[in-house]
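**Q** There's a structure below that I have some questions on.
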Amino acid sequence: MEFHFDVDALLGERVTAVDQHLQPPGRRGPGYTAAHRVDLQQQLMTIIDEMGKASAKAQNLPVPITSASRMQTNHHVLYILKDNEVKTAGKGAIIGFLKVGYKKLFLLDRHGAHNEVEPLCVLDFYIHESLQRHGYGKELFQCMLQRERVQPHQLAVDRPSEKLLCFLRKHYNLQGTIPQVNNFVIFEGFFADQHAPVRKLPSKRAEEEIKPYSLTDRELSPHRGAWTQQGRDRGPPEMRLLS
């Protein structure tokens, strides 16, 4: 995806990590002023908003779950992959992004015990339609794993599509999933080496109602101002672009 401003100068590295502060990491030469910083931040916000809209469209979501405003109000990290080789007007282009963040979840293990954990979660993953199946998804995902210092089986994935599950199976041999009652998917080995303490809760009796689990941005309807089950009723979206 191309923009009217210089993406290559805005994002210094091939993969740029952005947090809630939305600070552009690009080149800053002589004469750099506060006004320049504001302009660069606005450009970064434009990239996030436009890519978030494209991701939502690819997933058939009613509203984007990734935007600059959401990034500013959550402790998430957005990994943005740029194309250094695009020569159109010499401004570079954006290939895709991967959003991750830590969330407190109640997850079931193979024995049906409830575990309160706070794993790193994959929240949104998108590669531009014109750049699918070129290895960019694997490049971006691998960069995230290295920077976050996490193994693939330690991740929780928010409502993965079949394409994403195939991607994880192909590149990271993640095959066996542990069924959950919420929207997150975890894999065999998730509980094997949790670094943070895991608190096990008593197993739920059959007649008891399961308490609400962590809800995600996908279930928040801005039109109603409340959490909704709309996302669950739609079934798995057609998701994200992967290699």
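Each residue, glycine too, has its Cβ placed from N, Cα and C.
Automated prediction, rather than curation, is the source of TrEMBL annotations.
Okay, these came from TrEMBL:
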type	residues	note
BINDING	125-138, 161-170	acetyl-CoA binding site
COMPBIAS	204-222	compositional bias 'Basic and acidic residues'
DOMAIN	1-191	domain 'N-acetyltransferase'
REGION	201-243	region 'Disordered'
SITE	GLN59	site 'Crucial for catalytic activity'
**Q** Would you count the other CB atoms within 10 A of the CB of GLN59 (site 'Crucial for catalytic activity'), including those on all shown protein chains?
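**A** Summing over all protein chains shown, GLN59 (site 'Crucial for catalytic activity') has 21 other Cβ atoms within 10 Å.
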**Q** Roughly how many Å separate the Cα of PHE125 (acetyl-CoA binding site) from that of GLN59 (site 'Crucial for catalytic activity'), to the nearest whole number?
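**A** Counting only the Cα atoms, the answer is 10 Å.
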**Q** Which of these binding-site residues has the least crowded Cβ, counting other Cβ atoms within 10 Å: HIS128, HIS134?
**A** HIS134
**Q** List the Cα distance (Å, whole number) between LEU168 (acetyl-CoA binding site) and GLN59 (site 'Crucial for catalytic activity').
**A** 18
